[in-house]
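Quick notes on the structure that follows.
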Amino acid sequence: MYKSPLTLLTLLTICFGFFDLSSALYGSSSPVVQLTASNFKSKVLNSNGVVLVEFFAPWCGHCKALTPTWEKVANILKGVATVAAIDADAHQSAAQDYGIKGFPTIKVFVPGKAPIDYQGARDAKSIANFAYKQIKGLLSDRLEGKSKPTGGGSKEKKSEPSASVELNASNFDDLVIESNELWIVEFFAPWCGHCKKLAPEWKRAAKNLQGKVKLGHVNCDVEQSIMSRFKVQGFPTILVFGPDKSSPYPYEGARSASAIESFASELVESSAGPVEVTELTGPDVMEKKCGSAAICFISFLPDILDSKAEGRNKYLEMLLSVAEKFKKQPYSFMWVAAVTQMDLEKRVNVGGYGYPAMVAMNVKKGVYAPLKSAFELQHLLEFVKDAGTGGKGNVPMNGTPEIVKTKEWDGKDGELIEEDEFSLDELMGGDDAVGSKDEL
(Lines of atoms letter the chains of each structure in order from A and count residues from 1; the text may use other names and numbers.)
(Lines give C-alpha, C1' and ligand atoms only; values in the text may rest on other atoms or scores of the structure.)
Protein backbone atom coordinates (compact mmCIF):
# COMPACT_ATOMS: atom_id res chain seq x y z
CA MET A 1 0.00 0.00 0.00
CA TYR A 2 1.33 3.44 -0.92
CA LYS A 3 2.11 5.83 1.93
CA SER A 4 2.75 9.49 1.35
CA PRO A 5 6.30 10.63 2.24
CA LEU A 6 4.68 13.54 4.07
CA THR A 7 2.65 11.13 6.18
CA LEU A 8 5.75 9.09 7.07
CA LEU A 9 7.65 12.26 7.90
CA THR A 10 4.81 13.43 10.12
CA LEU A 11 4.73 10.10 11.96
CA LEU A 12 8.49 10.13 12.45
CA THR A 13 8.35 13.70 13.72
CA ILE A 14 5.62 12.79 16.21
CA CYS A 15 7.51 9.69 17.38
CA PHE A 16 10.85 11.41 17.76
CA GLY A 17 9.14 14.41 19.29
CA PHE A 18 7.52 12.10 21.83
CA PHE A 19 10.81 10.47 22.76
CA ASP A 20 12.46 13.87 23.01
CA LEU A 21 9.76 15.06 25.40
CA SER A 22 10.10 11.96 27.51
CA SER A 23 13.83 12.41 27.97
CA ALA A 24 13.64 15.68 29.90
CA LEU A 25 11.31 18.56 30.77
CA TYR A 26 13.99 21.22 31.14
CA GLY A 27 16.38 22.19 28.38
CA SER A 28 19.98 23.35 28.66
CA SER A 29 18.91 27.01 28.62
CA SER A 30 16.40 26.54 31.45
CA PRO A 31 17.00 28.48 34.69
CA VAL A 32 16.20 25.24 36.54
CA VAL A 33 19.33 23.37 37.69
CA GLN A 34 19.49 19.84 36.27
CA LEU A 35 20.22 17.21 38.92
CA THR A 36 21.48 13.65 38.61
CA ALA A 37 22.27 10.91 41.08
CA SER A 38 25.96 11.81 40.77
CA ASN A 39 25.69 15.57 41.37
CA PHE A 40 22.83 15.56 43.89
CA LYS A 41 25.16 15.66 46.88
CA SER A 42 27.32 18.51 45.60
CA LYS A 43 24.43 20.61 44.26
CA VAL A 44 21.93 20.02 47.06
CA LEU A 45 23.28 18.39 50.22
CA ASN A 46 26.50 20.43 50.26
CA SER A 47 24.80 23.71 49.42
CA ASN A 48 25.10 26.63 51.83
CA GLY A 49 21.67 27.91 50.85
CA VAL A 50 18.08 26.80 50.39
CA VAL A 51 17.47 24.41 47.49
CA LEU A 52 14.05 23.57 46.04
CA VAL A 53 13.99 20.22 44.24
CA GLU A 54 11.25 18.89 41.97
CA PHE A 55 11.22 15.10 41.57
CA PHE A 56 9.48 14.49 38.24
CA ALA A 57 8.76 11.83 35.64
CA PRO A 58 8.86 12.89 31.97
CA TRP A 59 5.60 11.08 31.18
CA CYS A 60 3.71 12.73 34.05
CA GLY A 61 1.02 15.18 32.90
CA HIS A 62 1.07 17.17 36.14
CA CYS A 63 4.86 17.49 35.86
CA LYS A 64 4.55 18.89 32.34
CA ALA A 65 1.92 21.34 33.56
CA LEU A 66 4.22 22.47 36.36
CA THR A 67 7.24 23.06 34.08
CA PRO A 68 6.57 26.73 33.13
CA THR A 69 5.67 27.56 36.74
CA TRP A 70 8.84 25.90 38.04
CA GLU A 71 10.96 27.87 35.58
CA LYS A 72 9.18 31.06 36.66
CA VAL A 73 10.02 30.25 40.29
CA ALA A 74 13.66 29.69 39.29
CA ASN A 75 13.79 33.16 37.71
CA ILE A 76 12.11 34.78 40.73
CA LEU A 77 14.56 33.17 43.18
CA LYS A 78 17.66 33.58 41.01
CA GLY A 79 20.55 34.58 43.26
CA VAL A 80 18.44 33.97 46.36
CA ALA A 81 17.80 30.21 46.35
CA THR A 82 18.48 27.31 44.01
CA VAL A 83 15.57 25.82 42.07
CA ALA A 84 16.39 22.38 40.69
CA ALA A 85 14.75 19.30 39.19
CA ILE A 86 15.65 15.63 38.88
CA ASP A 87 14.24 12.99 36.54
CA ALA A 88 13.15 10.27 38.95
CA ASP A 89 12.80 7.78 36.10
CA ALA A 90 16.40 8.20 35.04
CA HIS A 91 17.77 8.53 38.59
CA GLN A 92 15.67 6.12 40.61
CA SER A 93 18.22 5.75 43.41
CA ALA A 94 17.86 9.43 44.32
CA ALA A 95 14.08 9.13 44.32
CA GLN A 96 14.21 6.02 46.50
CA ASP A 97 16.47 7.74 49.03
CA TYR A 98 13.70 10.26 49.70
CA GLY A 99 10.74 7.89 49.51
CA ILE A 100 9.22 9.49 46.43
CA LYS A 101 5.85 7.87 45.73
CA GLY A 102 4.20 10.25 43.25
CA PHE A 103 4.96 13.01 40.78
CA PRO A 104 5.67 15.81 40.92
CA THR A 105 7.05 15.87 44.48
CA ILE A 106 8.67 19.07 45.71
CA LYS A 107 11.14 18.98 48.59
CA VAL A 108 12.93 21.95 50.13
CA PHE A 109 16.45 21.39 51.45
CA VAL A 110 17.65 23.76 54.18
CA PRO A 111 21.22 23.41 55.56
CA GLY A 112 21.22 21.62 58.90
CA LYS A 113 17.68 20.29 58.60
CA ALA A 114 15.89 17.31 57.13
CA PRO A 115 14.19 17.97 53.76
CA ILE A 116 10.74 19.57 53.96
CA ASP A 117 7.83 18.48 51.76
CA TYR A 118 6.09 21.35 49.97
CA GLN A 119 2.36 20.67 49.91
CA GLY A 120 0.96 24.08 49.02
CA ALA A 121 -0.56 25.47 45.83
CA ARG A 122 1.39 24.91 42.62
CA ASP A 123 1.63 28.51 41.51
CA ALA A 124 4.79 30.60 41.39
CA LYS A 125 3.76 33.05 44.12
CA SER A 126 2.85 30.34 46.66
CA ILE A 127 6.04 28.36 46.03
CA ALA A 128 8.25 31.47 46.18
CA ASN A 129 6.59 32.61 49.42
CA PHE A 130 7.22 29.19 50.98
CA ALA A 131 10.87 29.37 49.91
CA TYR A 132 11.12 32.87 51.37
CA LYS A 133 9.98 31.59 54.78
CA GLN A 134 12.69 28.92 54.74
CA ILE A 135 15.33 31.47 53.72
CA LYS A 136 14.18 33.85 56.46
CA GLY A 137 14.36 31.03 59.02
CA LEU A 138 17.89 30.11 57.92
CA LEU A 139 19.04 33.72 58.21
CA SER A 140 17.47 34.00 61.65
CA ASP A 141 19.27 30.84 62.80
CA ARG A 142 22.58 32.18 61.55
CA LEU A 143 22.08 35.54 63.25
CA GLU A 144 21.42 33.72 66.53
CA GLY A 145 24.42 31.45 65.98
CA LYS A 146 22.31 28.30 65.60
CA SER A 147 23.51 27.56 62.07
CA LYS A 148 26.68 28.41 60.20
CA PRO A 149 27.64 28.15 56.52
CA THR A 150 29.49 24.95 55.81
CA GLY A 151 32.02 26.59 53.53
CA GLY A 152 30.81 24.63 50.53
CA GLY A 153 31.44 20.97 50.58
CA SER A 154 30.67 18.07 52.83
CA LYS A 155 33.54 16.82 54.91
CA GLU A 156 33.73 13.55 56.69
CA LYS A 157 34.26 13.59 60.43
CA LYS A 158 37.99 13.72 61.04
CA SER A 159 37.73 11.47 64.03
CA GLU A 160 34.90 9.01 64.56
CA PRO A 161 34.15 8.12 68.19
CA SER A 162 36.24 5.01 68.79
CA ALA A 163 33.78 3.45 71.24
CA SER A 164 30.66 4.52 69.34
CA VAL A 165 29.43 1.90 66.88
CA GLU A 166 29.02 2.96 63.25
CA LEU A 167 25.48 1.98 62.26
CA ASN A 168 24.10 1.55 58.76
CA ALA A 169 21.20 -0.07 56.92
CA SER A 170 22.88 -3.48 56.93
CA ASN A 171 23.63 -3.72 60.66
CA PHE A 172 21.12 -1.43 62.40
CA ASP A 173 18.40 -4.01 63.02
CA ASP A 174 20.83 -6.74 64.10
CA LEU A 175 22.76 -4.55 66.52
CA VAL A 176 20.04 -2.22 67.84
CA ILE A 177 16.49 -3.41 67.15
CA GLU A 178 17.11 -7.08 67.97
CA SER A 179 19.23 -6.27 71.01
CA ASN A 180 18.16 -6.49 74.66
CA GLU A 181 20.62 -3.74 75.56
CA LEU A 182 20.02 -0.03 75.95
CA TRP A 183 21.22 1.94 72.91
CA ILE A 184 21.72 5.69 72.54
CA VAL A 185 22.17 6.66 68.89
CA GLU A 186 23.32 9.93 67.35
CA PHE A 187 21.96 10.82 63.91
CA PHE A 188 24.35 13.33 62.32
CA ALA A 189 25.34 14.97 59.05
CA PRO A 190 29.06 15.50 58.33
CA TRP A 191 28.53 19.11 57.27
CA CYS A 192 26.54 20.03 60.39
CA GLY A 193 28.38 22.46 62.69
CA HIS A 194 26.53 21.33 65.82
CA CYS A 195 27.42 17.71 65.00
CA LYS A 196 31.10 18.59 64.75
CA LYS A 197 30.89 20.34 68.10
CA LEU A 198 29.23 17.28 69.65
CA ALA A 199 31.79 14.80 68.21
CA PRO A 200 34.46 14.99 70.97
CA GLU A 201 31.79 14.93 73.71
CA TRP A 202 30.15 11.90 72.10
CA LYS A 203 33.51 10.16 71.83
CA ARG A 204 34.26 10.77 75.52
CA ALA A 205 30.79 9.61 76.64
CA ALA A 206 31.01 6.45 74.51
CA LYS A 207 34.38 5.59 76.02
CA ASN A 208 33.24 6.16 79.62
CA LEU A 209 30.00 4.21 79.15
CA GLN A 210 31.63 1.12 77.62
CA GLY A 211 30.22 -2.02 79.18
CA LYS A 212 27.19 -0.16 80.57
CA VAL A 213 25.32 1.41 77.65
CA LYS A 214 25.79 1.09 73.89
CA LEU A 215 26.39 4.28 71.92
CA GLY A 216 26.16 4.38 68.14
CA HIS A 217 26.05 6.89 65.31
CA VAL A 218 24.34 7.12 61.91
CA ASN A 219 25.61 9.27 59.02
CA CYS A 220 22.34 10.59 57.60
CA ASP A 221 23.96 11.82 54.39
CA VAL A 222 24.62 8.17 53.58
CA GLU A 223 21.92 6.33 55.54
CA GLN A 224 18.87 8.36 54.54
CA SER A 225 16.55 5.36 54.78
CA ILE A 226 17.30 5.04 58.52
CA MET A 227 16.84 8.79 58.95
CA SER A 228 13.40 8.61 57.31
CA ARG A 229 12.44 5.48 59.25
CA PHE A 230 12.86 7.24 62.59
CA LYS A 231 11.55 10.61 61.35
CA VAL A 232 14.74 12.52 62.07
CA GLN A 233 14.05 16.21 61.36
CA GLY A 234 17.33 17.92 62.27
CA PHE A 235 20.95 17.35 63.23
CA PRO A 236 22.22 16.17 65.54
CA THR A 237 19.30 14.09 66.81
CA ILE A 238 19.95 11.67 69.68
CA LEU A 239 17.44 8.84 70.11
CA VAL A 240 17.24 6.41 73.02
CA PHE A 241 16.31 2.83 72.15
CA GLY A 242 15.03 1.25 75.34
CA PRO A 243 13.08 -2.00 75.88
CA ASP A 244 10.56 -1.07 73.18
CA LYS A 245 12.94 -0.66 70.26
CA SER A 246 10.11 0.25 67.89
CA SER A 247 9.42 3.41 69.91
CA PRO A 248 12.67 5.29 70.53
CA TYR A 249 12.44 8.64 72.29
CA PRO A 250 14.64 11.73 72.00
CA TYR A 251 17.39 12.67 74.42
CA GLU A 252 16.77 16.32 75.26
CA GLY A 253 19.54 16.99 77.77
CA ALA A 254 22.75 18.97 77.39
CA ARG A 255 25.13 17.92 74.61
CA SER A 256 28.09 17.32 76.89
CA ALA A 257 29.82 14.07 77.80
CA SER A 258 28.98 14.47 81.48
CA ALA A 259 25.29 15.10 80.81
CA ILE A 260 25.01 12.13 78.44
CA GLU A 261 26.84 9.87 80.90
CA SER A 262 24.65 11.02 83.79
CA PHE A 263 21.48 10.47 81.78
CA ALA A 264 22.55 6.97 80.72
CA SER A 265 23.62 5.98 84.24
CA GLU A 266 20.34 7.20 85.76
CA LEU A 267 18.45 5.28 83.11
CA VAL A 268 20.27 2.07 83.98
CA GLU A 269 19.72 2.60 87.71
CA SER A 270 16.03 3.47 87.37
CA SER A 271 15.38 0.35 85.32
CA ALA A 272 16.57 -1.78 88.24
CA GLY A 273 14.69 0.00 91.04
CA PRO A 274 11.05 -0.33 92.16
CA VAL A 275 8.43 1.63 90.27
CA GLU A 276 6.31 4.26 91.94
CA VAL A 277 3.29 6.41 91.25
CA THR A 278 3.71 9.61 93.25
CA GLU A 279 0.96 11.81 94.62
CA LEU A 280 1.27 15.40 93.40
CA THR A 281 1.24 17.38 96.65
CA GLY A 282 3.13 20.53 95.70
CA PRO A 283 5.46 22.37 93.30
CA ASP A 284 8.54 20.61 94.69
CA VAL A 285 7.07 17.21 93.78
CA MET A 286 6.13 18.50 90.32
CA GLU A 287 9.67 19.74 89.70
CA LYS A 288 11.33 16.58 90.99
CA LYS A 289 9.17 14.13 89.06
CA CYS A 290 8.33 16.03 85.89
CA GLY A 291 11.27 18.40 85.50
CA SER A 292 13.71 15.84 84.12
CA ALA A 293 11.28 13.24 82.75
CA ALA A 294 10.89 12.88 78.99
CA ILE A 295 7.15 12.48 79.58
CA CYS A 296 5.21 12.98 82.80
CA PHE A 297 1.92 11.06 83.05
CA ILE A 298 -0.51 12.60 85.52
CA SER A 299 -3.73 10.84 86.52
CA PHE A 300 -6.65 12.76 87.99
CA LEU A 301 -8.52 10.38 90.31
CA PRO A 302 -12.08 10.81 91.66
CA ASP A 303 -12.70 12.47 95.00
CA ILE A 304 -12.22 10.06 97.91
CA LEU A 305 -15.92 10.44 98.81
CA ASP A 306 -16.82 9.13 95.36
CA SER A 307 -14.39 6.22 95.09
CA LYS A 308 -13.59 5.51 98.76
CA ALA A 309 -10.19 4.07 99.69
CA GLU A 310 -10.90 0.73 98.03
CA GLY A 311 -11.67 2.31 94.67
CA ARG A 312 -8.70 4.67 94.80
CA ASN A 313 -6.33 1.82 95.64
CA LYS A 314 -7.59 -0.12 92.62
CA TYR A 315 -6.77 2.85 90.40
CA LEU A 316 -3.30 3.13 91.94
CA GLU A 317 -2.65 -0.59 91.44
CA MET A 318 -3.58 -0.18 87.78
CA LEU A 319 -1.20 2.77 87.43
CA LEU A 320 1.60 0.79 89.08
CA SER A 321 1.09 -1.94 86.48
CA VAL A 322 1.48 0.65 83.73
CA ALA A 323 4.58 2.14 85.37
CA GLU A 324 6.10 -1.33 85.70
CA LYS A 325 5.58 -1.98 82.00
CA PHE A 326 7.49 1.20 81.10
CA LYS A 327 9.99 1.22 83.99
CA LYS A 328 12.99 1.40 81.66
CA GLN A 329 11.71 4.52 79.95
CA PRO A 330 12.48 8.03 81.31
CA TYR A 331 8.86 8.56 82.29
CA SER A 332 7.33 9.60 85.60
CA PHE A 333 3.86 8.68 86.83
CA MET A 334 1.91 10.84 89.25
CA TRP A 335 -1.64 11.15 90.50
CA VAL A 336 -3.73 13.88 92.02
CA ALA A 337 -7.20 13.92 93.58
CA ALA A 338 -9.95 15.69 91.67
CA VAL A 339 -10.20 19.50 92.04
CA THR A 340 -7.13 19.77 94.31
CA GLN A 341 -4.97 21.30 91.54
CA MET A 342 -7.47 23.52 89.76
CA ASP A 343 -5.01 25.55 87.67
CA LEU A 344 -3.40 22.37 86.35
CA GLU A 345 -6.82 20.91 85.49
CA LYS A 346 -7.76 24.10 83.67
CA ARG A 347 -4.58 24.17 81.58
CA VAL A 348 -4.88 20.53 80.50
CA ASN A 349 -8.67 20.69 80.09
CA VAL A 350 -9.47 18.03 82.69
CA GLY A 351 -12.63 17.87 84.76
CA GLY A 352 -15.24 18.71 82.19
CA TYR A 353 -15.69 15.09 81.14
CA GLY A 354 -15.31 13.55 84.58
CA TYR A 355 -12.79 11.53 86.52
CA PRO A 356 -10.60 9.52 86.36
CA ALA A 357 -8.52 11.12 83.59
CA MET A 358 -4.91 11.09 82.42
CA VAL A 359 -2.66 13.43 80.48
CA ALA A 360 0.86 13.03 79.10
CA MET A 361 2.92 16.17 79.70
CA ASN A 362 6.25 17.47 78.45
CA VAL A 363 7.01 20.24 80.92
CA LYS A 364 10.02 21.56 79.00
CA LYS A 365 8.01 22.02 75.82
CA GLY A 366 4.85 23.15 77.62
CA VAL A 367 2.60 20.68 75.81
CA TYR A 368 0.28 17.85 76.77
CA ALA A 369 -1.85 15.10 75.25
CA PRO A 370 -5.07 13.82 76.88
CA LEU A 371 -6.27 10.25 77.27
CA LYS A 372 -9.44 10.14 75.19
CA SER A 373 -10.41 6.53 75.81
CA ALA A 374 -11.65 4.74 78.93
CA PHE A 375 -9.45 4.72 82.05
CA GLU A 376 -8.74 0.99 81.78
CA LEU A 377 -5.46 -0.92 81.88
CA GLN A 378 -5.28 -1.80 78.18
CA HIS A 379 -6.19 1.73 77.10
CA LEU A 380 -3.63 3.21 79.50
CA LEU A 381 -0.87 0.94 78.16
CA GLU A 382 -1.70 1.92 74.58
CA PHE A 383 -1.85 5.60 75.51
CA VAL A 384 1.58 5.59 77.18
CA LYS A 385 3.13 3.68 74.29
CA ASP A 386 1.65 6.02 71.68
CA ALA A 387 2.61 9.12 73.66
CA GLY A 388 6.21 7.93 73.63
CA THR A 389 6.22 8.03 69.83
CA GLY A 390 4.44 11.37 69.62
CA GLY A 391 1.37 9.69 68.19
CA LYS A 392 -1.23 11.35 70.42
CA GLY A 393 -1.05 14.93 69.18
CA ASN A 394 0.33 17.62 71.46
CA VAL A 395 -1.72 20.57 72.72
CA PRO A 396 -0.08 23.72 74.18
CA MET A 397 -0.66 24.35 77.90
CA ASN A 398 -0.62 28.15 77.48
CA GLY A 399 1.64 28.81 80.43
CA THR A 400 3.09 27.00 83.41
CA PRO A 401 0.44 25.59 85.76
CA GLU A 402 0.40 26.87 89.34
CA ILE A 403 0.80 23.88 91.66
CA VAL A 404 -0.44 24.39 95.22
CA LYS A 405 0.67 22.62 98.40
CA THR A 406 -1.80 19.95 99.55
CA LYS A 407 -1.94 17.30 102.25
CA GLU A 408 -0.86 13.79 101.35
CA TRP A 409 -3.67 11.22 101.30
CA ASP A 410 -3.73 9.21 104.53
CA GLY A 411 -4.99 6.04 102.84
CA LYS A 412 -8.38 6.21 104.53
CA ASP A 413 -11.94 6.79 103.38
CA GLY A 414 -12.97 10.40 103.34
CA GLU A 415 -15.23 11.89 105.97
CA LEU A 416 -18.28 13.86 104.96
CA ILE A 417 -18.23 17.19 106.78
CA GLU A 418 -21.71 17.85 108.17
CA GLU A 419 -22.75 21.47 108.26
CA ASP A 420 -24.77 22.97 111.14
CA GLU A 421 -28.48 23.25 110.41
CA PHE A 422 -29.99 26.68 110.59
CA SER A 423 -33.50 28.11 110.60
CA LEU A 424 -34.71 30.43 107.90
CA ASP A 425 -36.50 32.36 110.62
CA GLU A 426 -33.22 32.78 112.45
CA LEU A 427 -31.54 33.94 109.26
CA MET A 428 -34.27 36.50 108.66
CA GLY A 429 -34.40 37.55 112.30
CA GLY A 430 -37.62 35.70 113.22
CA ASP A 431 -41.27 36.74 112.93
CA ASP A 432 -40.99 39.29 115.71
CA ALA A 433 -38.13 41.01 114.02
CA VAL A 434 -39.99 41.08 110.72
CA GLY A 435 -43.08 42.45 112.39
CA SER A 436 -41.12 45.11 114.18
CA LYS A 437 -39.52 46.22 110.93
CA ASP A 438 -42.91 46.52 109.25
CA GLU A 439 -44.22 48.69 112.08
CA LEU A 440 -41.32 51.08 111.58
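Each residue, glycine too, has its Cβ placed from N, Cα and C.
What Swiss-Prot lists as signal peptide is 1-24.
The feature domain 'Thioredoxin 1' is assigned by Swiss-Prot to 25-136. Averaged across the domain 'Thioredoxin 1' (25-136), pLDDT in this predicted model comes to 91.
Under the heading disulfide bond, Swiss-Prot lists C60-C63 (among others). In three-state terms derived from DSSP, C60 (disulfide bond) belongs to neither a helical nor a strand segment and is classed as coil.
The active site, nucleophile feature in Swiss-Prot is assigned to C60 (among others).
Sequence-distant contacts of G61 (site 'Contributes to redox potential value'), defined by Cβ-Cβ distance under 8 angstroms and a gap of at least six in the same chain, do not exist. The site 'Contributes to redox potential value' feature in Swiss-Prot is assigned to G61 (among others); the stated evidence is similarity to another entry.
As annotated by Swiss-Prot, site 'Contributes to redox potential value' applies to H62 (among others). Sequence-distant contacts of H62 (site 'Contributes to redox potential value'), defined as residues of its own chain at least six apart whose C-beta falls under 8 angstroms from its C-beta, comprise F103, P104.
Sequence annotations record features per position, and here Swiss-Prot assigns active site, nucleophile to C63 (among others) based on similarity to another entry. Sequence-distant contacts of C63 (disulfide bond), defined by Cβ-Cβ distance under 8 angstroms and a gap of at least six in the same chain, are L25, E54, F56, A57, F103, P104.
Around the Cβ of R122 (site 'Lowers pKa of C-terminal Cys of first active site'), the number of neighbouring Cβ atoms within 10 Å comes to 15. Look at R122 (site 'Lowers pKa of C-terminal Cys of first active site'): DSSP puts it in coil. Marked as site 'Lowers pKa of C-terminal Cys of first active site' by Swiss-Prot on the basis of similarity to another entry: R122.
If you look up Swiss-Prot, you'll see 143-163 marked as region 'Disordered'.
Annotated disulfide bond per Swiss-Prot: C192-C195 (among others), in sequence order, evidence recorded as sequence analysis. Secondary structure at C195 (disulfide bond), as computed by DSSP, is helix.
Cβ neighbours of C192 (disulfide bond) (same chain, under 8 Å, six or more residues apart in sequence): G112, F235, P236. According to Swiss-Prot, the feature active site, nucleophile maps to C192 (among others), an assignment based on similarity to another entry.
Residue environment of G193 (site 'Contributes to redox potential value') contains 18 other Cβ atoms, counted within 10 Å of its Cβ in all protein chains. If you look up Swiss-Prot, you'll see G193 (among others) marked as site 'Contributes to redox potential value'.
For H194 (site 'Contributes to redox potential value'), the Cβ neighbour count at a 10 Å cut-off comes to 17, with all displayed protein chains included. Annotated site 'Contributes to redox potential value' per Swiss-Prot: H194 (among others), in sequence order, evidence recorded as similarity to another entry.
Packing around C195 (disulfide bond) is summarised by its Cβ count: 23 other Cβ atoms lie within 10 angstroms of its Cβ, all protein chains included. Annotation source Swiss-Prot lists active site, nucleophile at C195 (among others), citing similarity to another entry.
In the three-state DSSP scheme, R255 (site 'Lowers pKa of C-terminal Cys of second active site') falls into the coil class. Around the Cβ of R255 (site 'Lowers pKa of C-terminal Cys of second active site'), the same chain contributes H194, K197, L198, E201, P236, I238, each under 8 angstroms and 6 or more positions distant in sequence. As annotated by Swiss-Prot, site 'Lowers pKa of C-terminal Cys of second active site' applies to R255, with the evidence given as similarity to another entry.
Marked as motif 'Prevents secretion from ER' by Swiss-Prot: 437-440.
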Key: Local Cβ density at C60 (disulfide bond) - other Cβ atoms counted within 10 Å   = 16
